[in-house]
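Asker: Sharing a structure here in structure tokens format.
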Amino acid sequence: MQQTSLISGKNSFAEEVGVALRECTPVVLGVVPFGITCGIMGLTAQLSGFETILMSVLVFAGASQFIGITMLGAGITGWGIIVLTTLLVNLRHLIMGSSLAPYMIKLPLPLQAFMAFFLTDEAYALTISRIPKTGYSVLYQVTVSTTLYLVWVLATVTGVFLGSYISDPLTWGLDFAMPATFLVLLIPMLASRISLIVFGIAAVVSVFGALYLPGKWYIIVACLTASLIGGLLEGDSNHAK
Amino acid sequence: MRSEVLVIIIGMTLVTYFTRFGALALFRFTGIPTWLNRWLKYVPVAILTALIIPSLLLPQGYLDISLNNHYLIAGITAAFVAYKSRNIIATLGLGMSVMLILKLL
């Protein structure tokens, strides 16, 4: 039982790691410009190189690091407001954690606690879209998550050391790599009528939310609304049978 | 290393970890209610959509539906390639090429 959940299907340990590394490469490449930008921003906001890198090592959450660094750079040094903003920006992870919970709660507690530290948008997207294909795999999630972590930290270090020599890589449009890879994960999911409805609602609500709500609330509101309606529609069609 | 910065980084670390582990820790003890299970089924579609669509339609923070929005043009290209090929490398390659060409024009 433990064996089947650790490595899905009949893949061997090495094959599973290989598949995970191959599938996460494009996403990892998309993370690099953000990490470099994070390093550059830290120095611009008068953080020391060590402080900037420590933040990537411990917090490991791109969006909230950008916001935290910007606030520090703007002279906001009260810890309460920065920590509260970080909490709000990262609340979406609660939804991702719930989504993975049916697979993860059977695992030993220390392993869960370890894997939770590395739960990012990217690791979640890759792990959840693999489940319909080959089932849930701990090894896949761990490989993808730790690779993203190492690259995030190394990219921040690169930004800190090269910051004064290179211009901000996000102005080159490299940040487009992120939505592009998410598109490849999303499109195969849109196979049913309900999924298309959920997609439509999430698209409309997230755009309005991004226009009128502060911070990252648009992700949380759009996700809760659209997935709730999806669940209700699913319930109706089950009753009709 | 300034102590007030260290306090902020540790605070950010703790709340971020709470958001990542909170749901797992709760459901480990309570189990996952069936109504929630049904709700959770469409979370992947909803969350990916909410991450993608605003980054294409509002790349600068305001709604931009025009040919000047490179993210939108490259995004439509990438969506088409993703639909036809289901291949990350092809999608990323073509999408990024369109992005780069638009930036250089």
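Glycine is treated like the rest: Cβ placed from N, Cα and C.
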Asker: If you look at how TrEMBL annotates this chain, which of A:27-45, A:103-121 comes out as transmembrane segment?
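Answerer: Range annotated as transmembrane segment by TrEMBL: A:27-45.
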Asker: Can you dig out which of the ranges A:138-163, A:190-215 TrEMBL describes as transmembrane segment?
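Answerer: That would be A:138-163, per the transmembrane segment entry in TrEMBL.
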